[in-house]
Ligand code: ACO
């Protein structure tokens, strides 16, 4: 029994915050942000759109694409560090709105690597034939924990949601290998303060990410006995174009084989990979039989990568 992706979905709020807008808020420049991060603009959710609202929209979109009804969902996993509240979970909130009352539901906290952790968890339940259809959402409203006076971090983040429905697929399709990891010694580099604001030591996280993204991406390919040349498409966590480029260079693949959405959405944490995946599926960039590698890292520190062959 192979576990694969049956459908993808995403949602981003309408409001655009440009680098020029940020120039009016903190001591920064469009030029600095573009050259150091690759970000040109990001989406910011208004007060009335909360994390669960974005998660719901992305989930609905993925279920439509997968042609899976609410009563066919067995488990809902939501990767987020910015839920509407401490509890109940975003997963139970969207379960109620979707009417997916036959499903179990829980949130999962692994920061920007959360979606990878969600996919790997889903794979175990599907391959053991415990559950059939699993909805996985990566969603963040980072704007609510962003310190809008800290130029080191406020230029980086954005809001949004991405989702997939995973289920059984044919023998030569679906998730082929994965790697998950964590190193709690990295906690001081990236965490939420007592004032509920995001703190980050950018330089330390950068060094870690450049090394880890490349290594993990390569590991999942080698685990299935394939080589860099076999990779058709790479979707790295959209954190910083320079970090993404490091992963791409490690795999030695051309620029057009790497998903790049960072310029328009910034870093949306757990949502960045599933948003990119959904856009790339909808645009036809990812084709049946393609070997796709997803790789992410985040606060914890945490990381994860998944290699899958696209198609049912
Ligand atoms: N505008 C202008 N100048 C700035 C800005 C800004 N927005 N931000 C920082 N600077 C300054 C710094 O103050 C520093 O000045 P100094 O030398 O006088 O002290 C200078 O620019 C250079 O700073 P560096 O830290 O060396 O810049 P760097 O090239 O490393 O880029 C960045 C900083 C973009 C934050 C980078 O380190 C990075 O991307 N780190 C990883 C961040 C990340 O991806 N985190 C993901 C996890 S997020 C999560 O899990 C929710």
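Heads up, the Cβ atoms here are built off N, Cα and C, so glycines get one too.
Straight from TrEMBL, the features:
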type	residues	note
DOMAIN	106-184	domain 'Beta-ketoacyl-[acyl-carrier-protein] synthase III N-terminal'
ACT_SITE	112	active site
DOMAIN	222-310	domain 'Beta-ketoacyl-[acyl-carrier-protein] synthase III C-terminal'
ACT_SITE	237	active site
REGION	238-242	region 'ACP-binding'
ACT_SITE	267	active site
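Feature map: TrEMBL annotations on the structure.
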residue : record      : Cβ within 10 Å
112     : active site : 32
237     : active site : 31
267     : active site : 24
Quiz prompt | Rounded inter-Cα distance in Å - residue 112 (active site), residue 237 (active site) | solution = 7
Practice problem: State the Cα to Cα distance, in Å, between residue 267 (active site) and residue 237 (active site), rounded to an integer. | Solution: 8
Quiz item: Which of the three DSSP-derived classes (helix, strand, coil) applies to residue 112 (active site)?
Solution: helix
Quiz item: Could you count the residues of the domain 'Beta-ketoacyl-[acyl-carrier-protein] synthase III N-terminal' (106-184) that DSSP puts in helix, in strand and in coil?
Solution: 25 helix, 32 strand, 22 coil
Quiz prompt | Three-class DSSP secondary structure - residue 267 (active site) | solution = strand
Quiz item: How many helix, strand and coil residues does the region 'ACP-binding' (238-242) contain under DSSP?
Solution: 2 helix, 0 strand, 3 coil
